[in-house]
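So the structure is just underneath, and the comments pick up after that.
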């Protein structure tokens, strides 16, 4: 089956004298695998690539650090989308919940809008809506309202840990578990995963490790319950049903949902040479997409750029790519998120096993001792810290 991944060369390369430092990659030996013969992830013993590339880009193009900082436009986009969802719920108040008008509106407008809000919360988690960390926390709760279920407060520490601990087993909750990979390793299983992937991403973190509850978690829950109650009382129960249906479809078989899989799954089967640690051939573990759906998703498709510079907001990621294009031109990319979902389901060589994992490195963010400035990616006197979260 034709791959959705395009590469300029057989193996991605970096500019001369700016290449990533790679100590060697290989699959994890069977004898040291907790899951034994059932573990078929791509195990590596190298540092994740983004920190190394970030340092090289800053050295070659120091002006990229000026791209860091909040984007004022974000709050206006979020306010518009939240208002749009409330307006749609109002217009559908007299329509049967199980009807084509409700379903099509939820799929075309609602799912696209709530996917936009998912990624607004992702953006806000990096302190890129306001300079004040507290303002970002509160605004994320506001962006959460049309989603119907409180999750913004929990998403942030899990997501920042994903950045700090990319691929680290037991820390990166974006990684599927061996249980998921084993029991969903079929066309039907992968189709089930794609249909219900929003539930996997919502529930999986709690099975990996649990976060301590904080005041912002309580605020998130109370604000969401008050909004949901007001929605039901003022518009009707169908309004809340529309919001939750929109959230489900946003993480199901929807074009924008392709980004969940496109970002870190390995679609090109590594060669035997790449599996030999002695050859020191890296296996790409982050993929970008430069298509039109970025318009609706805060440029999340520019995912290598985002992981390299989490403090650069969505509006400036294209400029980052333009300035440091020599670092990105030869990295593998996806041309279509729709094709990503299609290939993931039907290609026998692509499955939940196709993720790069590492045993060590990284750290957990928000472990109960409060946030520090590095975790926040923000310094009250100097503003966002280039290269951190």
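Each residue, glycine too, has its Cβ placed from N, Cα and C.
Just so it is clear, the model here is predicted, and its values are computed rather than measured.
In TrEMBL, the region 'Disordered' annotation falls on 1-40 of the listed ranges 1-40, 41-80. Range annotated as transmembrane segment by TrEMBL, chosen from 104-122, 161-179: 104-122. TrEMBL assigns the feature transmembrane segment to residues 216-236, out of the candidate ranges 216-236, 237-257. Between the stretches 134-153, 274-293, TrEMBL puts its transmembrane segment entry on 134-153. Between the transmembrane segment (216-236) and the transmembrane segment (134-153), the number of CB pairs under 8 angstroms, six or more residues apart, is three or more, so the stretches are in contact.
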